[in-house]
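K.L.:
Mind having a look at this structure? Questions to follow.
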Protein chains: 2
Amino acid sequence: MTFGLARRDVRPKVPLRHGEGDKHRLTSLEGLAALSLDALSSVAYGPEAIVLVLVAAGTGALTATLPITLVIAALLAVLVVSYGQVIAVHPDGGGAYAVAKKDLGARTSLLAAASLVVDYVLTVAVSLAAGAAALASAFPALSSHLLAVCLIGLVLLTAVNLWGIAESARVLMLPTVLFIVSILGIVVIGLLRSHPAAMVGSAQPVHATEALGVLLILKAFSAGCSALTGVEAIANGVPTFREPRVKRAQRTELMLGALLGLMLVGLAVLIRRDHVAPRGGVTVLAQLTAGSYGTGWAYYATNIVVTLVLLFAANTSFGGLPVLMSLLARDHRLPHLFGLRAERPVYRYGVLALALLSAALLIAVGANTQKLIPLFAIGVFIGFSISQIGLVRHWAVQRPPGWLRRAVVNGTGALLTTLACLVLLTTKFLEGAWVVVVAVPLLMLMFARIQRYYTAVGAELELGKIPPLPLRTAKSLVIVPIGDVSKLAQHALTAALALGDEVVAVAVHADPDKAQALRETWDRWNPGVRLDILDSPHRSLVEPIVEYVQHAGSGGRQIAVLIPEVEPKHRRYEILQNQRGILLATVLRARTDVVVCMLPYRLSL
Amino acid sequence: MTFGLARRDVRPKVPLRHGEGDKHRLTSLEGLAALSLDALSSVAYGPEAIVLVLVAAGTGALTATLPITLVIAALLAVLVVSYGQVIAVHPDGGGAYAVAKKDLGARTSLLAAASLVVDYVLTVAVSLAAGAAALASAFPALSSHLLAVCLIGLVLLTAVNLWGIAESARVLMLPTVLFIVSILGIVVIGLLRSHPAAMVGSAQPVHATEALGVLLILKAFSAGCSALTGVEAIANGVPTFREPRVKRAQRTELMLGALLGLMLVGLAVLIRRDHVAPRGGVTVLAQLTAGSYGTGWAYYATNIVVTLVLLFAANTSFGGLPVLMSLLARDHRLPHLFGLRAERPVYRYGVLALALLSAALLIAVGANTQKLIPLFAIGVFIGFSISQIGLVRHWAVQRPPGWLRRAVVNGTGALLTTLACLVLLTTKFLEGAWVVVVAVPLLMLMFARIQRYYTAVGAELELGKIPPLPLRTAKSLVIVPIGDVSKLAQHALTAALALGDEVVAVAVHADPDKAQALRETWDRWNPGVRLDILDSPHRSLVEPIVEYVQHAGSGGRQIAVLIPEVEPKHRRYEILQNQRGILLATVLRARTDVVVCMLPYRLSL
């Protein structure tokens, strides 16, 4: 699921300038490519999730796939209408977190934020796992190396994102169109054929272990709801559309709903007619592909397109998570650092954290898509429920014309998504859903504690109050640690004399002879600055200087230590220089309250 | 092998003060405990090395163990006399590196340094591997987990050294005495018995694959010379002895020679008489232990004492390597950083590097002592040869009374050790000795390149020349990045006003409304300092400030950027603060030549 903004908006290299012309913004069709890949690609694992649950009651139970899919399609319709309203009410985007913050209070917004973080990680993991399965359907040799394929894909995505290659909606147009055409082609050609063109994969024995009861149907429904993940992305990204952006975004949402609904129902009809059951080594979608296109080039091409689109879907998280983190940082719920997502190092932390968490998940489940789906769906459905409950609240408070009808639509949606969420939580608790139950509250707690800390710091710094005026009378003493009489010392003293009312040089020498030699050279140089030579019996450089600085007292003076640093031109020499200065600076900053100044002296080598 | 000083001298926590009373220095006996463990513990693997080489020519060839050991004992006598002379000529200690630097020129001293570094790593690896074998002889269950035992021991040693627990010679007295008594007891009781008290280990079939020729005898001799590793440590550590330190050190060297010779020859006699051959799961020393003491408590106790002493021997490297590294750093052959070995972080780098390299070696050879011994002996023998060739050179130049006799003794020693070194290099080249052949020149090259770099830097800084006088006329401009009007801003401006002739505050705001609000608050505060608000369309904090600083130009003024930093009281909050300041400081230092000042503001939480 994407959050907030399209990819290119978060890339440090080619960011959109504030108020920059509309031409870089998205049309309705481009919006479909940029913001719907995650949702559309869900057809690669959603229908399969239903089939895999139902088969527990034997192949006969698979006939329930179609009615369950129709219910899911109805829920999709409710969600599309609902998100059309979210778009109108929140034209600034922001998703469940923004809605909850505005309409449902702090605690719910923490829940929304936590579930969104979980979702970003799971989007990456699920999309990669499903992509690996799609690729292995075309190339069976890969099927025993699914985890390796996933991790290679993850490394690829991480590298691309660390590099920061900008990706435009136009790049995504071609795979999106190919994907839609391929899937709809499967449905149309499949319906025209009297029987499947080809079978792929190996038949698997089916042992019915459960009866087709209400619980199993509820489980299949909940698992199938994973096909709906991602439909919220358009509402989150309204600001990236061209004007009239609300209209365009609503149109894109409608297109997404129609396409996704058509695909899901069409695939379900084929599944029922052709009695598709799970087969070894291939996905359900690959079976349907072979059934319509045969096993020629079109089979390979379709599987590759599906893989590619799933890879792009995984990539949306790398754009979305930094945006969410910067929103949370601005609300003091994450380290302020993450508010600086335009800074490359900060952006990279986010990318790496996301990659590591996804890798951990993929390894934990052995790249099995179906094991990740309950976790994924729970997170997404918490967001769905929050958004819709927020809207119900909004209608109840604002009461615009027709508010009751709208509230009923959103309320129904909220009820269904909450139900799906609860079913998944209870039926899949021991099979992995507990991870969400543990992770979400922990994240909420962390956000809350960070916020409490920042509030306390703000109070201590008296933010929002006018502080006393700064003093203008203080004199300053600048202490300059030096090693030898050299151009470096001259450079440092020049800077120190400009900054300080009084300047003193200090040197540390363990060897009395060397100390004497330095004293003599200093006197010959006679720079007009006092030199104090400190004894260091233990060969420590840092300790004598720290003690000297501590004893220099302040006497109302501002004390600064100016550390000259030789900066090699080539990075490979960095280990040879500066380390002493950095060590001294670190200890001084930890143990004294003086100003620590670093002055670079650039070498030519 | 230990280098230079006893352990406690290198520990940051309780270092010896320069000129501190003699009572902390070593007596002859304490010197044996502090500086001879490495050498004495060699009996755990030296005799075994001979047996394992000879057995290739069948069990009959094992009779050659005794004559080979007698030659090694003779070499030991030469080395002891030789090192007695080294002690007299170099009462300041320093070992092969110091000798080579003084008498043999720069290139040889690089060779000495490189071989010493290799030795420190190998001392740790060999002692741990031999210790694990000794422990497994007592507890056979461990014999299939030797590598794990080694790595656990290594983790233990590393932790103790990172912690920096001071260890005194007195702590080592007890295990040293127990070790000497146990080994001599094996010899004496063994000789009194008519036949071995007990057999341990499983018999192994012996297939003679080689004839007992000159080459095999040379190989056995060279491998057995590993029993001599460590005899140089006393000469390296002369300064740690009490006055008269030369006398005391020479006496300790003699004691070591006598004890080690006695042990080696005694064990060889027992090996011959009892026809000891390699047996599975136990060391040769353990077989001899069982032969003398039986397999009761004394067997276990002896093996544990041997293990303990080997662990202490491994530990000597952790004290010795930092001393060597600091000597090299003072000669500009390692990063100057390592000259600061009294600083805890620096010391820790050395400990960790040594631990990682030893772990790599242990893993590479699967904790097999005998595979490490050739590498170890080569490194040590390079040092032996250099020390003695240096002495020959010394006698030839100084020509004191009796110089020719002394030169012949040292020359013979040098010849024998060089021969052993060459035999090991050629016969064990493919079995691991190539590692030394690769590592030593690479280390030498690195030392030489580092020295060349420092020389070039010294020339550029005009070290040794009197530089021009520092300028006194420069004015200063201090730029203070601020976020809000708060006590932090007040604190920073007070410091800046003390340091700068002119002060200007800068703030970065992406949001025009917030910028306007800040401007109004600033005007109400009216601190008498100009505030420049920078636009940041990309939400970058760093880039606008860097550009601002770059455009501030200098105009002959010294420019400083003063970054106020909130310092949390608890470390766990550090991720929440400062990150922006550190980021800004890093970029400013990399891309501008201004003084970067950090001002701490300490929070109460």
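Positions of Cβ are set from backbone N, Cα and C atoms, glycine also.
Below are the features listed in TrEMBL for this protein:
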TRANSMEM  B:49-81  transmembrane segment
TRANSMEM  B:110-139  transmembrane segment
TRANSMEM  B:145-164  transmembrane segment
TRANSMEM  B:171-192  transmembrane segment
TRANSMEM  B:212-234  transmembrane segment
TRANSMEM  B:254-271  transmembrane segment
TRANSMEM  B:297-325  transmembrane segment
TRANSMEM  B:346-367  transmembrane segment
TRANSMEM  B:373-395  transmembrane segment
TRANSMEM  B:407-426  transmembrane segment
TRANSMEM  B:432-450  transmembrane segment
K.L.:
State, in range form, which of B:110-139, B:145-164, B:254-271, B:346-367 has the highest count of Cβ pairs under 8 Å to the transmembrane segment (B:373-395).
P.N.:
B:110-139
K.L.:
For the transmembrane segment (B:145-164) and the transmembrane segment (B:432-450), does the number of C-beta pairs under 8 Å, pairs 6 or more apart in sequence, reach 3 or more?
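P.N.:
Not in contact, no.
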K.L.:
Thinking of Cβ pairs under 8 Å, which stretch from B:171-192, B:254-271, B:297-325 has the most of them with the transmembrane segment (B:110-139)?
P.N.:
B:297-325
K.L.:
Are there residues at least 6 beyond the ends of the transmembrane segment (B:407-426) whose Cβ is under 8 Å from a Cβ of it, and what are they?
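P.N.:
Distant contacts of the transmembrane segment (B:407-426): 75, 78-79, 81-82, 85, 218-219, 221-223, 225, 374, 377-378, 381-382, 384-385, 388-389, 391-392, 395-396, 433, 436-437.
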K.L.:
So, do the transmembrane segment (B:254-271) and the transmembrane segment (B:212-234) meet, by the test of 3 or more Cβ pairs under 8 Å (sequence gap 6 or more)?
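P.N.:
Yes, these stretches are in contact.
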K.L.:
Look at every Cβ pair spanning the transmembrane segment (B:171-192) and the transmembrane segment (B:432-450), keep those 6 or more apart in sequence, and say whether at least 3 of them are under 8 Å.
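P.N.:
Judged by the Cβ rule, the two regions do not touch, with the required three close pairs absent.
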